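Peer 1: A single structure is presented below for examination.
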Amino acid sequence: MSDWIWEYEGYDPVEERLRESLCTLGNGYFATRGAIPECTADDVHYPGTYAAGCYNRLTSQIAGRRVENEDMVNLPNWLPLRFRTAFGDWFSPDTHRVLDHRQRLNLREGTLERTVRYEDTDGRRLAVRQLRLVHMADPHLALLRTEFTPEGWSGEIEVESGLDGTVTNSGVERYRALASRHLTHVHTGTSPGGPGRAAARVAARDTVWMRCRTSTSDIRIGLAARTVADAPAETGNVKELRRIARVFRFPVTDGHTVTVDKTVALHTSHDPAISDPLHAAVDRVRRAPDVEALLASHRTAWQQLWRAAEPDVPGGAGTVLRLHLYHVLQTLSPHSAELDVGVPARGLHGEAYRGHVFWDELFVLPYLNLHFPEVSRALLTYRHRRLERACFAAEDAGHRGAMYPWQSGSDGREETQWLHLNPRSGRWLPDHSRLEHHVGSAVAYNVWRYCEATGDAEFLHTKGAEMMIQIARFWAAFASYDETLGRYRIRGVVGPDEYHEAYPGAAGPGLVDNAYTNVTAAWVLARALDVARTLPVTRRRDLFERIGLDDAELEVWEDVAHKLHVPFHSGVISQFEGYGDLAELDWEAYRERYGDIRRLDRILEAEDDTVNRYQASKQADVLMLGYLFPPTELRDLFRQLGYELDDGTWHRTVDHYLARTSHGSTLSSLVHGWVLARARRTRAWDFVQESLIGDVADLQDGTTGEGIHLGAMAGTLDLVQRGLTGLEARDGRLWFDPVPLPELSEYGFSIRYRGHWGVRLRLRPGRLHITVPESDEPPITVAVADRTVSVAPGESRELTLPE
Ligand code: BGC
C-alpha cells in the first residue's frame, strides 16, 4: 500500500466478496462492485451494479407470512468480459492456474487496475491487464480496458464482451429465501444505427444493448456497451435469454499486446432530459470519446473532488481515511445533488439492508456540510420530499407531525422488515426496529447543523423549517404527561442500541423513556421553537396557516422541551426506564465461550434466552449524546430539562456503558472513539483504530462483502475534522476546541465554509494554522477558547491553543 494505492496481492476466493466491496467503483449516480469480469455470480463472486435510488418491491412467503420488501435493485451486469485461447475453456481463477494476480485501487485517479497471469491446460500463458472506471465526470459512463499479452506462444484468442440481464438480488445469504428477481422485460439487441456522424455509425456496429424494467416500480433501464479491439478480428454477436455479447477472435503474437476497450452507458427512466433510457444509453456510448480522453476527464473530476477535502493524515490511518473518503464520494458525489436520493447505509456497494436509508446520515452529513454542502442539501431534500409520507405515518399511528421511517427507500414509507433471520438459530423473528423513532431527530439535527455550517437561511426558512416543525410536533404529540412524575414521558420506542426492544416478559415491544430519544427530542423541540419564532414574519404566517400551527401549540412544545423525563440509576443516566433493574451479563464467560460476541443478541436468542434481559448494548445509545453535542451544549440541554449533568455523572455514564457494550455495529467504535477522545481518555485510540479498520478488516463478521458501512466511513473522516478539532460552525464563527490524541497529533484538511472554497486547516500539538484563500468574501471569524481572530481572504494565521 502507498498513500494513494489500495492493493490486493494474489487471488483468494474466501476474501473475494470483501475485495469486491472495497474495490467498488462509483460516481454517486451508480456503482459497480469490483467483481472479476470473467466470472458470474456464484458462491465466490458477486458482481453487482446499483443506481442510486433505484428500488423495487417484491412479495415473499416467509415463515407462513406474506412479506413485502423493497430492495435497491441489482441492475444488469455490464462487466462481463471473458476470454480463452482457441478451443480452450474460458479462463477463470477458479478453474485455471493463476500464476499471479493483483488488484490496485488508485484512489487519486478513481481507477481499478487488475493484472492476472493465467496458464491454460496446454501450458500457454496469458498475461491480462485490466483498467476499469465508473466515470466521475459523465456519471452515465463506465469503462473497462483489457490488454492481452501471450507469453511464449502465438495463436488465437477469443473474447466475449457483453451485458448480462440474468442477475438477481442474491448477494446476501440471509435474504436468500426472499423473492429476488426484480428485472423483467429484458430485451437485447445491437445498436439500431440511425442518424449520426460517420464515426458514430461505424462505432454503432460494435455496440450491444439491453433494456429492461423493474417489476413493480416500473423503472426502465437502458444499457449500451461498445467494445473495440485494436487488432483485426473476426467479430460476431451471441444472443441468449437475457444476455447479449459481442465476440472477437483475433490472432496474437508472443509478447505483443492486444487491447480491447469496452465503454458502457447506463440510463434509467429516473434521469432528467432524456426521452427513453435505451436511446439515451446508445447515443451516449456512441458519442463517448476515446479511452485516453475518457481517462483524462475522469482523472480531472477526481482531482477536483480531492481538492475539496485534501485530507492529510500521516501513516496508515491516513491511507484508510483516504479510502473511506473515496467510498463516501463514490456513493455521494456532486452528481448526487441532482438526484432524489438519501444516504444508503451500505453505500452503493452491496445489498445488505437492501440499500435502505436509516439514521446513518447523522454520521455523514456533518462531514459533507463542510465540503459539498450542495450534496447535504440534496440529501435533506430527499427527506423533505418524504415529509408528507412521514406525516401520514404519524397520522396513521394517531399522532400529529412527522414520524419518519426507520428504514426509508423510494417513497419514504416504512421499509423496515417485519421479520429477520437469526442465522445462528435459523429462526425468523419479529423485527421491532421500526420503533426507532429517534430517526426523525436525526433528520432535524442534520437540518440544523447544515444550516449552521452553511448559513443557508433560505433552506432553514423553507424546507428546513417545515421538517423541523413537523418533527417537533410529532414529539410533542407522542410524549404523554405523567401526573405523578410531573414530567412528559415517551413510551413504546427502541433506542439506537437496538438490542433492547422490549421489557423482559412484556406482552409487546417498546421501551419507556429511552434517554437518547428523550434528550434529542427536547433538543429538537427547542430548536424548532427557535426556528418558528425567528422565521421572517410573512413566512411564519404562511407556514403556520398552512399547517394549522399557533402560539398555543408552541407553548405546549415549550413545556415538553423542558419537562421530558430522563431516567437515572446508580448515579448514571439510564439507557431507558428500568434499565438498571436488568440482569448483569457474565461478559467474560460469553467471550470465552464464543470469542466474538458482537452479535450477542443472536447468540442469546440461539440459546433460547434474550438480550432484553441484560444490561448489554449493541452500540452507543446514551453515549451518542456525547457524540452529537459538545460538552457545553449537552450540559445546557440537561439544564433545559431541569437536570445537572456534571463531569462526574458523565464520566460514570461513559464507564458504565463502555463495560456493557458489545459493539455489534461499526458505528459503535466510532462513537466510543469520539466520546473517549473528547473526554481525554486513554482507550480512545483503541476505538478509533477499530473504527478505522472496521471495513478493511471486515470486523463485523463478514458483512463488508455485502456492502461497506458508509456511516462509519464518513464518521471517521468527521472524527478528524470535528471530533479531534472540536470544530463547530456556529453563530457565524468557526469554533475550535482541539483534544489531544497522541497517536494522531498532526493532521490537516480543507473545508468549504460560507463561500470560502478551500480553507486550509492544519493542527499540531498546541498550534492551529488556518489559511483562507483569496476571494471577495468577508473574513472568517475563528474562536479558540476565549479568543477570537479574524482571518481575511488571502491571509494565514497560526493560533496558539490553550493547554
Ligand atoms: C445499526 C444501526 C444502523 C444500521 C444501518 C445497524 O446495524 O445498529 O444503527 O443504522 O445498521 O447501518
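Please read every residue number as a count from 1 along the shown chain.
Glycine too: its Cβ is placed from the backbone N, Cα and C atoms.
Under the heading active site, proton donor, TrEMBL lists Glu498. Residues annotated as substrate binding site in TrEMBL: Trp359, Asp360, Lys618, Gln619. The domain 'Glycoside hydrolase family 65 N-terminal' annotation in TrEMBL covers 8-270. What TrEMBL lists as domain 'Glycoside hydrolase family 65 central catalytic' is 322-717. Here TrEMBL flags 727-791 as domain 'Glycoside hydrolase family 65 C-terminal'.
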Peer 1: For the substrate site given as Trp359, Asp360, Lys618, Gln619, which other residues of the same chain have their Cβ within 8 Å of the site's Cβ centre?
Peer 2: Phe358, Pro496, Glu498, Ser665, Leu667, Ser668, Gly711
Peer 1: For Glu498 (active site, proton donor), what is the tally of other C-beta atoms lying within 10 angstroms of its C-beta?
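Peer 2: That number is 19.
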Peer 1: In sequence order, which same-chain residues at least six apart have a C-beta under 8 angstroms from Trp359 (substrate binding site)?
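Peer 2: Result: Trp406, Glu436, His438, Val439, Ala442, Pro496.
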Peer 1: Rounded to a whole angstrom, what is the C-alpha distance between Glu498 (active site, proton donor) and Lys618 (substrate binding site)?
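Peer 2: That separation, Cα to Cα, works out to 7 Å.
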Peer 1: What does DSSP assign Gln619 (substrate binding site), in three states?
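Peer 2: The residue in question, Gln619 (substrate binding site), is coil (DSSP, three-state).
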Peer 1: Taking helix as H, G and I and strand as E and B in DSSP, count the residues of the domain 'Glycoside hydrolase family 65 C-terminal' (727-791) in helix, strand and coil.
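Peer 2: Helix (H, G, I), strand (E, B), coil: 3 helix, 38 strand, 24 coil.
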Peer 1: Tell me the Cβ contacts of Gln619 (substrate binding site) under 8 Å, same chain only and six or more apart in sequence, or just say none.
Peer 2: Pro496, Asp497, Glu498, Thr661, His663, Gly664, Ser665, Leu667, Ser668, Val671
Peer 1: Over the domain 'Glycoside hydrolase family 65 C-terminal' (727-791), work out the mean pLDDT and round it to an integer.
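Peer 2: Computed over the domain 'Glycoside hydrolase family 65 C-terminal' (727-791), the mean pLDDT is 95 on the 0 to 100 scale.
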Peer 1: Please give me the CB contact count at 10 A for Lys618 (substrate binding site), counting all chains in the structure.
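Peer 2: I count 22 other Cβ atoms within 10 Å of it.
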